[in-house]
Amino acid sequence: MNIIRYIIQKEFRQIFRNKAMLPIIFIMPMIQLIILSNAATFEVNNIKFGYIDNDKTSFSRELVEKFNASTYFNVLSDYPTAKSAKSAMLNGEVDVVLEIPQYFSRDLIKEKKSDLSLTINAIDGAAAGVENVYVSQIVQQFNSKIRVGLMLLGTPEAQPQLIETIPLFWYNETLNYKTFMVPGILVLLVTMITLFLSGMNVVREKEIGTLEQINVTPIKKHQFIIGKLFPFLILGLVLLTVGLIIAKLIFNIPMVGSILLMYGYTIIYILVILGIGLFISNYTDTQQQAMFIAWFFMVIFILMSGLFTPIESMPEWAQILTEFNPIKYFVQVMRMVMLKGAGISDIFPQVLKTLLYAIVMNGLAVWSYKKVN
Amino acid sequence: MNKENAITVKDLTKTFGAFTAVNNISFEVGRGEVFGFLGANGAGKTTAMKMLIGILKPTSGIATVANFDVISHAEDVKKSIGYMSQRFSLYNDLTIKENITFFGGIYGLKKTDIKVKTQELIEELGLHDEANKLVGALPLGWKQKVAFSVSLLHNPQIIFLDEPTGGVDPITRRQFWEMIYREAHKGKTIFVTTHYMDEAEYCDRVSIMVEGKIEALDTPKNLKTQYKVDTMNQVFLKLARNIE
């Protein structure tokens, strides 16, 4: 036990002595949290909208005015012809083009129907889908207003339809994107820092030759690994704390669930990451190799975590792979506990899998650390 | 097995793939002896030493250090030996005191013992003013002296030194050998590799390794007589050249 204490003391001394490392460990993740949470948004805003008005009546102008009034659209330009609109889209000046046909208002009044043609730049398919919904909503609003208008003009067939759905948004009433993103990004930062620090650590001692000196001492393998893990566990928890404070103070993220549960789970989770880090460290000879391998896993873990793309939409084989992604569980638990107020029984499957993962990875870390070559 | 031997090596071999780094070597080192382990670069000295200190597994053969088998009882061997590698192996970003505390700690010394040892060591080396300085800021010669002292913290019976005086000035080298002799007089066994043939003259016995094999093993005096030369340098050159 005492021996472990001496390793921990030495690791902390080295961490705090390294004046260049401290800001990297604490300041950089906080800057990332603040910037990413504000910038990495999937909300589709400021859509570049153009139109071709072949009708030029009060009706068509009213329709365009509806787009102008919407906060989602930046009404850019009135294109004289479809051809000019096409070249504008090619140049990226416009993303959505609405073409109002000639006789739009005449058809609406006489035939009670008219077609609009809509062209959307769908290179980003997800955004295009959202843009389509926005346009449809505005056209529908316009539609119902016209119906009422026409009814007042005495057209009996046009009955106003007043079926409306009123959605209730649970857990994130204001549909604030940051409420969704901040817990996730915090997870990434805690993961990155702890993985990289632990991944570099043992291999660094290999590079400078001190590991050989430690290997000729009678130290036990588990003493060495525990002594190495513990300081980074503390660092990870400090990082989580600072991140949670920022989440509360700057982003006003609701924290419905138990803070204690969050920390309890985080401890198990960080042990998984540190186990992976030390495992990498044991199998590499240089910090450079360790860095590349850590990045390889980090990128896969992040992109398959369900943070940026829903896991449910992934192909089945990829969904199976995500079972081995610790970040997935941490993102789920953070969102469940922070936003939904989930209790221990709700996150029990995640806790169990993470615990199992921690045992396996740290077992591998102890096993792969060879005092004798 | 001779109880009086600190180190007994029999038919020790280490191969890396097709390359034989250490080829069937056998020797014994008596208690309290200063044993010089010589050889050209790449002759297999460091590989042999790593097997003796229990961080490299032999391919075949037997080695006993402090009456413990280096394969089956590597951890017991480690309690009985001190080791100083040719690569400087203290932490440059810790002070002298902190390095002593750390290594004393992982050898399982008591807190009070570490304090006493630290005081002793600093006094012996005359490093009062430097005790709280980072090791990285010390000149190489001092670093090596500190590293040697740190390897003695747990009072080991056998001390392995792998080119301890590489790159060190002649005065410091002399002081270093005085430290080695002081430990030998206390009854400790010294196993030292070196490239300096004048240092070989200080040893009780030397072995000369050439291409993985021990080609000569005797007292410096006997070796010089045997090869009919005046210095160890000439003995070494004769042996190394014969192979080429």
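Cβ coordinates are placed from backbone N, Cα and C, and glycine is handled just like the others.
The feature transmembrane segment is assigned by TrEMBL to A:20-40 (among others).
Here TrEMBL flags A:132-372 as domain 'ABC transmembrane type-2'.
Summarising the annotation, TrEMBL assigns transmembrane segment to A:180-203 (among others).
The feature transmembrane segment is assigned by TrEMBL to A:224-247 (among others).
The transmembrane segment annotation in TrEMBL covers A:259-280 (among others). Among residues of the same chain six or more beyond the transmembrane segment (A:259-280), those with a C-beta under 8 A of the stretch's C-beta atoms are 190-191, 194-199, 201-203, 225, 228-229, 232-233, 236-237, 240, 244, 290, 293-294, 297, 326, 329-330, 333-334, 337-338, 343-344, 347, 350-351, 354-355, 357-358, 360-365, 368-369.
The transmembrane segment annotation in TrEMBL covers A:292-311 (among others).
Among the features that TrEMBL reports, transmembrane segment is placed at A:347-369 (among others).
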Selected stretch (most C-beta pairs under 8 A with the transmembrane segment (A:292-311)) from A:20-40, A:180-203, A:224-247, A:347-369:
A:180-203
Using a Cβ cut-off of under 8 Å, list the residues of the same chain at least 6 residues beyond the transmembrane segment (A:20-40) that approach it.
178, 181-182, 185-186, 189-190, 192-193, 197, 235, 238-239, 242-243, 246-247, 250-251, 308
